[in-house]
Amino acid sequence: MTLRWRIVALVAAATCAAAAAVGVLVHHASRDRELSQARDGARTTLERAALGYARTGGVQGSGAVLDAPGLPGGLRRLVAKGHQGTEFATGPDGPAMWAARPADGQVLSVRIDMSTAMRNISALDTNIILAGLMTTAVVLPLGVLTAERMSRRLRLAAATARRIAAGDLDARISPAARPHDEIAEISGAVDSMAAALQERLLDEQRFTADVAHELRTPLMGLVTAAELLPPGEAAGYVRDRVRVLSTLVEELLEISRLDAGAEEADLSPCPLGPVLDEAIAGTGLSARLRTGTAEGTGQPDSAEDTGQRDATDRTRQRDSADDTGPWHSTDGPKVWTDPRRLTRIVANLVVNAHRHGREPVEVTVAADGRTVTVRDHGTGYPDDLLEKGPQRFRTGVRERGRGHGLGLTIAVGQAQVIGATLEFGNAPDGGAVATLRLPEGPERPELSDLPELPDPGPIHG
Amino acid sequence: MTTGFTPPGAAPGPGSPTEAHLLLVEDDEVIRNTVWMSLERYGFTVSTAGDGLTGLEIFRERQPDLLLLDVMLPELDGIGLCRRVREFSLAPILMMSARGDSLDVVSGLEAGADDYVVKPCESAVLVARIRSLLRRASFTPMARAPHAEARGGAPEPDGAAGPDTLVFGELTIDTLGMEVRRAGEPLALTPTELRMLLEFAGSPGVVLERRTLLSRVWDHAWQGDTRVVDLHVQRLRAKIGAERIETVRGFGYKLRR
């Protein structure tokens, strides 16, 4: 139950309870007053009648009767014991107050009819119930309104907090002055939390940029100086180590930029074929680029399998002569992405496949034109990686190969930046499989200008 | 005041480094010396300066064909130097940034730099960028050349809109004389701006993707930084009129006919 309805129910319950309590109290008070009046009246009349009876031996005109037939049993027994008393009872003639006393072996009694008084009391009860209902009818909408407003403000605060969590650090609940209550307090707290986060993020980004400057400046000198060394074995070592150091520094800076959230994707419609070609070419390693065909399967793994079995005519080496097909031209099917980051992801996956897996390394585009898998035929990803994802500087088993273990971390980070998902798994027949799912493009109207996505049928290259 | 966009000296061919004169402004002594030595090995003539003000002085004095500068410089920083040089010269400017963050890159490009590289970069990369910029500075549109020869290469009489003059509203582009006028007033465009304008003028009304422009004008690969294109479009708009180049959100730009 939402807070709003809880508040509304509480208001309704409180109003009803108050009305009921007042009603019960008023009902009892009125009844008691009526009864005590009737009792007094009956007693007075009885005493007067008793005096008259003692003097005259008759009861005519006194309002009392002797041995009345309707006298309640309890009162009759009391009188039989020689006492006098009163009793309220509802007989066949309606409610009435009785007073009785013994008189020479007979029972002298007075009956005062109370049906009018009782009718008045039930009329009063009805009025109290009506008043209660009317009060509830007036108070409840007010309660609904108040609850609605509180609930709206709380929901706004929650929505803003969610936006902040999703990375929109400019989101604020409201700069406008609000009634100073607890909700205003929590709104202010969320706002200042966002401001603090933003400040910290900017600090971190500044720090990253400064670190970059401090590391790259001497490195630039080192790189250019190493190039000037006369050729020789030692110079070769120096250049090789400088290159390793440069790569490590760039990767660390990239990770810290990704961590600091300083990276923003530069999205545009890009032909997938050339981007993947360039990514593979950039690594200087061999990888086969294939396009899968759809066999009515949505599962990436099975799509990949059927793609590999049924579309072998599409299989080709990156540098083979038939590389001029439409799929590889810039007019080919497009994805909405940042090609710089996509290239980085695919290149890192290919390098990782070569470093830790075994050839052949295959880069496959599924029939949807947006899912890219990179697989090798080695022993597959270690269980630790499948469980926890890539971790920095963890290269798995030592003898698996070289590398800093940053490549996959970067790939995952860059995939996040371009809104893609990167999953790691192992093929049933051995080998590591990384599946990159690129997001769909933005609004349809913009994409309508683009060429069609790859036809599910065979593509003639 | 303006030096125009005449080819660097009497360079024998486009992009040839022979006799191309570069000014390198860099405060780090090791980088300054090693880059200088590398560039000389590639056949460039290099002057160097260790701070922004000296750099500006040498630039005025020797009129180099290209300015290569670091963003963080003492006295006058790279951004300021860029802006000051652009006040009197259209020579290509290549910026080196060690921070590589948007602030450096964007403000440098806004100040008038043509392109940027992030440190550390190998000499080969630096030289490729320098050559691309020099080629642009000595650029003559190849498609037009046979046509000009057929007409005996005779220059158009002043003011007449011949077949080599493209007209877009108040903007006229003389593709033969490489002169751009807006409402009759000659415009001083940097080689990069001119090259980009010619790309637009070559297909008016057609959307040119940012990456297409990046590869055609800057020779950058697909992974290049498209902010370079965006900031140059901004600069070009400021010169030829903002309404002339339309933004097609998410795709690129087109020249309004």
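Residue 1 is the first one shown; counting continues down the chain.
Placed from the backbone N, Cα and C atoms, the Cβ positions cover glycine too.
Feature annotations, reproduced from TrEMBL:
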- A:1-20: signal peptide (SIGNAL)
- A:128-147: transmembrane segment (TRANSMEM)
- A:148-202: domain 'HAMP' (DOMAIN)
- A:210-442: domain 'Histidine kinase' (DOMAIN)
- A:291-336: region 'Disordered' (REGION)
- A:306-321: compositional bias 'Basic and acidic residues' (COMPBIAS)
- A:437-461: region 'Disordered' (REGION)
Helix, strand and coil counts within the domain 'HAMP' (A:148-202) (DSSP): 39 helix, 0 strand, 16 coil
Positions on the same chain near the signal peptide (A:1-20), where near means CB under 8 A and six or more residues out: 128-129, 131-133, 135-136, 139-140, 143-144, 146-148, 150-151, 154
Positions on the same chain near the transmembrane segment (A:128-147), where near means CB under 8 A and six or more residues out: 3-5, 7-8, 11-12, 15-16, 18-20, 22-23, 26-27
